[in-house]
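Asks: I'd like to ask some things about the structure below.
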Amino acid sequence: MKLLEYGAGWNIDILLQRFAKIFIGCLAAVTSGMIYALYLSAYHERKFWFSNRQELEREITFQGDSAIYYSYFKDMLKAPSFERGVYELTHNNRTVSLKTINAVQQMSLYPELIASVLYQATGSNEIIEPVYFYIGIVFGLQGVYVTALFVTSWLMSGTWLAGMLTVAWFIINRVDTTRIEYSIPLRENWALPYFACQVAALTGYLKSNLNTYGERFCYLLMSASTYTFVMMWEYSHYLLFLQAISLFLLDSFSLEQSDKVHEVYKIYVFSLFLGYLLQFENSALLVSPLLSLVVALMLAKCLQLNVKKGTFVAKIMKVINFYLVCTLTVTLNIIMKMFVPHKENGHMLKFLEVKFGLNMTKNFTMNWLLCQESLQAPSQDFFLRLTQSSLLPFYILVLIICFLSMIQVIFRRINGKSLKETVTLEDGQIGERPEIIYHVIHTILLGSLAMVIEGLKYLWTPYVCMLAAFGVCSPELWMTLFKWLRLRTVHPVLLALILSMAVPTIIGLSLWKEFFPRLMTELMELQEFYDPDTVELMTWIKRQAPVAAVFAGSPQLMGTIKLCTGWMVTSLPLYNDDDLLKRNENIYQIYSKRSAEDIYKILTSYKANYLIVEDAICNEVGTMRGCRVKDLLDIANGHVVCEEGDKLTYSKHGRFCHEVKINYSPYVNYFTRVYWNRSYFVYKINAVISFQS
């Protein structure tokens, strides 16, 4: 009897310890997310002196495509009803001249629709200004992002200390982990927090020792976050495609229960078809490589034969199955594109051809994209920053150990050996855990892309933080290393437990000492965002320009004009539409060596009434040779060729943006200057051409 009482008391103590561990971990995760969201809010306030600005000055802080997104949020709030607002956005003819667009579908405006509903339904319109509500939601989602990364690292390592280290590395390296500081309303800032939640749920779902209730919870969370992710970002299916490849490789080597992986495939199909219906029959989802891959995997499973594992026939069948999936995926994707009407992303394919040296082009748009810093290979500064914060060295160490352990397990599976149902610390086989293998494959795929295009580092670096933190805090990883080294002098299990606590503690203290003062300095430092010329320009437009006026200029400036004034423009800073890309190239001709008559014909073809010339572009001094807008235009137009061995040719016309400022014929016949300041020159496009001598 006493023995039973002792056993019951012991079980209660274990349950209390587990509850306390989970409670403290959850509290730390939520607190980390809240602190990060508050940090972003405080930093944004100090950077722009936001609360002391007038509404117009606040709106000017939204640059380029960010201005477009926030302008549609404002339009939804001005609409007499939600239904009317949605209708006006889906049949929008008040943004781009001579063009009616479905802005909700083309720009993925579901975040703005949801935010507008929340703003009015919660009564926030009576207590908070729209701009604070809008950026507050985005900052809150970034807190969710950090919390999800915390939980993922915690699930993998078994200790919430890994989550704390993940958050620390994420914040310290935030220049390379997120673009929230530069452009708040970007689609990725709305979408990636949901993807992080999906990854956390998938990590839990793949664990071998998960109970039924935990598995159901992870499955439901994964379903909801996957669908939301698809709805929030037009490029989401590409990221899910990489994830599906990781799961396919995980399943190919029988490193996870096949049924679990195929349940995830069903979530993909459900999310894609539901997204297709609710995104106004978005054909891009039907012709996506993700759908083709998932359908191919399901067909391959139906054709799969049951053979004894480890035999020569089983190995041959694995190779045949792999080849079958790859062939079916390509074939299905080609067939879908043949029968499903869709807009071909021709500019993306051409960009990739030029990027990898498969083709040469003088096309302005292609060369302009190639010159963008985010589309070039990562700089040395990127790797230097990750090394200085100690993130990159530990990530490489963890990745090498996990990868080699995974290879060991794969060879065992090929030889017919089964995986252990429960992996103990003494086994020293971290590569036998399915969730670890998935993350290793996924981070290698993301890292490979990030090495080619720097902008993709924002997808990869957060998971670098998570994987590195998990590794240094995991006793299993250290035990795997010690088993390879055949450590004898000290008990390896004890040493692994000590290092899994000591190493992250030392890292945390060193990060605190070096980087915490910098973070506090950033918050204490009051920065100044001062752009009086743009404020004056917007004020002039609102006061002097006719309501029906159409403005032409650089796409980035047009986005600001749309937000701050509501006036119609000729182009937008969006790069997913061939027509808009062509418009942008045509409007940029105002900085080329073209005649006044040519520019006049281009502008009037888009019904433009006013032209805005930016001095910063006209007199641009680029840091990279041949990447200034005017240089790219000269190359595209054949006015000057700077390549070695090619003959130099020149235009008989001067550069338009320079010549039009001089006010002589024939420029004054077509354009009349009506406003100027240090940065901008505004010209009225004459409806009736007056030929003056």
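Every residue, even glycine, has its Cβ placed from backbone N, Cα and C.
These came from TrEMBL, pasted as-is:
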type     : residues : note
TRANSMEM : 20-43    : transmembrane segment
TRANSMEM : 131-148  : transmembrane segment
TRANSMEM : 154-172  : transmembrane segment
TRANSMEM : 217-233  : transmembrane segment
TRANSMEM : 286-307  : transmembrane segment
TRANSMEM : 319-340  : transmembrane segment
TRANSMEM : 392-411  : transmembrane segment
TRANSMEM : 436-453  : transmembrane segment
TRANSMEM : 459-481  : transmembrane segment
TRANSMEM : 493-512  : transmembrane segment
Asks: Counting only CB pairs under 8 A, let me know which of 131-148, 154-172, 286-307, 392-411, 459-481 has the most with the transmembrane segment (493-512).
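Replies: That would be 459-481.
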Asks: Count, for each of 131-148, 154-172, 436-453, the Cβ pairs lying under 8 Å from the transmembrane segment (459-481), and report the range with the highest count.
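Replies: Per the Cβ count, the answer is 154-172.
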Asks: Checking distant contacts: for the transmembrane segment (154-172), what same-chain residues at least six beyond its ends satisfy Cβ-Cβ under 8 A?
Replies: 21, 24-25, 28-29, 32, 36, 39, 146, 200, 203-204, 207, 389, 391, 435-436, 439, 462, 465-466, 468-474, 500-501, 504-505, 507-508, 511, 515, 519
Asks: Can you tell me which parts of the same chain pack against the transmembrane segment (319-340), counting only residues 6+ beyond its ends and a CB-CB cutoff under 8 A?
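Replies: Non-local partners: 248, 252, 283, 286-287, 289, 291-293, 295-297, 299-300, 303-304.
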Asks: Is the transmembrane segment (436-453) in contact with the transmembrane segment (392-411), using at least 3 Cβ pairs under 8 Å (sequence separation of 6 or more) as the test?
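Replies: The answer is yes, given that the two segments have at least 3 Cβ pairs within the 8 Å cut-off.
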